[in-house]
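In what follows, a single structure is set out as structure tokens and then discussed.
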Amino acid sequence: MHTIFTFYVVKMSNFSIIAASLKNCPMTIGQNMQLNIDRLIAYFGGVNALAEALKQQDPENAASTAAIYKWRVRGSLPLAQLNRLIALAEAQGRPLDLNAFMQQQTTLEKNTMTTSQNNRVIIFDTTMRDGEQSPGASMTKEEKIRIARQLEKMGVDVIEAGFAAASPGDFESVNAIAKIITNATVCSLARAVENDVRKAGEAVSPAPKKRIHTFIATSPIHMEHKLKMKPQQVIDAAVKAVKIAKEYTDDVEFSAEDAVRSDLDFLAKIFTAVIEAGATTINIPDTVGYSIPSVWYERISNIIKSVPNSNKVIWSTHCHNDLGMAVANSLAAVQAGVRQVECTINGLGERAGNASLEEIVMALKVRHDLFGLETGIDTTQIVPASKLVSTITGYPVQPNKAVVGANAFAHESGIHQDGVLKHPETYEIMTAESVGWATNRLSLGKLSGRNAFKTKLAELGIALESEEALNAAFARFKELADKKREIFDEDLHALVSDEMGSLHAEIYKFVSQKITTETGEAPRAEIVFNLCGEEKHAVSTGSGPVDAVFKAIESVAQSGAVLQLYSVNAVTAGTESQGETSVRLERAGRVVSGQGADTDILAAAAKAYLAALSKLETGAEKVKAQGGI
């Protein structure tokens, strides 16, 4: 006769407190002890092995692999399932020693948590601020709103919507996002300059949860050559900026630009001062991507220990990827005690980019056994967010990119394929479905009506701001449905992005084109487009059809822009797929990108070029910041 357990699982102060009423068992479970779900699952051979064993034991009440993955995410499991695990272990001839699992989890918590911080990592997304600093990745207000909605749907804690003082357009974008986001905190960056801070405060004022993120450089080289300020002047400017920010919100973040090359004693001094002034989050950035994980761990640890009032704030990190270690450095910082990570979708950012949100989140989730930390991210929204940002910015995701790359869950090796077919966990540490990958689903067809179209857009997290926008997008959908028998989710994302661009960039608008090609003859393009509402006709030849299209447009536009990039990606599989084209233009040091989508890739190319020209003509110049975080 085996021991009978009755468990009551309760959530309190972010810990699972398990009270046990035992019969015939001298076992005591106290407070601050949590069942280590990852180790418990591993005891039975992993998720798939456990699901199969439970199915064989009790087919009607067995937990699916999806249910077991949820246990891991929650850090707890239903009482009935725990009893089944106890019975399963007994049947396998190896009774569970739950004390061992409880003790291991307690040790893990002690190793991964500081006394002043809990076990949750705040995800701070800066795609629309730092990510937009990638050449040509500038976004319109409407595009930023779409991304902000997706970030909120995904569960991002803080959305850095922009740099409000940079330009009137940036201010409007931050302000518009502050008006529509209700769950996430909306943040604006600001230099440690009074005008910047006040602009940021005004921009985020409509948000239910708002933050001002102010920064100043702290390394000797920056203070001497860029700021031309003495160390005490830098401290005074930082303290003043924080105090002004507190007039607008209690949530104030301070960053020390180029902290990786700053003097440790000076960092401790300035951090102590801004905390006393009211800062609630302190961010330690590796602005130039110079550090390595072991060094960054040591530096973060030493900084936190050196600040007397360190327990009054949330510590944060923001790592750049110049040496390819942004994610590794961010995770090292988490182990050192930070509880906010600043990152971007797809790792987008200036130079080599930032730490990838998707990689940070999945590392914390998959290696929960190591970190013992949670995020509030709905990981099934990661791939949709990645595709949206890629479509809007024109930056394609490389196929072998971790988590969101097209090959992330593809197995070419015969040995790997055989192993995955027999037991997925042989070569897969997470499921494609858990991050939002799924086989292309047929979403709509040519007979689908406007309401079905509107409902499907809502399911995909696509919100159109007006009936005019919805009608225009639906008209484009009907055109596409006449050309393409099957319309997939990816088609709708591309279609809406293309249509939103044409709605809000009316200087140049594609109408039609005729392309003539013949072997041995130069291709000829005849283009019709609107320029400020006036129809224009243009004709040109070129070395290829795309060259002819672009030269025809330029024969009228006379923009003087230089083509930096032209790329085409298939939205879905098959020859009927839409081609999603990106064009990057540069003029007088200003770089913009345009996107176009069509089943005719030459039409997509023309749309993308015209969209880029519109951005060149309408975009306001931004104020140059003192630097970047």
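Every residue gets a Cβ built from N, Cα and C, even glycine.
Automatic, uncurated: that is what TrEMBL annotation is.
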According to TrEMBL, His318, His320, Asn354 bind Mn(2+), and the residue from Asp130, Asp157, Asp170 that belongs to that same site is Asp130
Long-range Cβ list for His320 (Mn(2+) binding site), cut-off under 8 Å, min separation 6+ in sequence, same chain only, gives Pro285, Asp286, Thr287, Val288, Gly289, Ala326, Gly349, Arg351, Ala352, Gly353, Asn354, Ala355
CB neighbours within 10 A of Asn354 (Mn(2+) binding site), counting all protein chains shown, number 32
Cβ contacts within 10 Å for Asp130 (Mn(2+) binding site), all chains included, total 25
Cβ neighbour count (10 Å, all chains) around His318 (Mn(2+) binding site) is 31
Secondary structure of the region 'Regulatory domain' (509-629) by DSSP, residue by residue, totals 31 helix, 56 strand, 34 coil
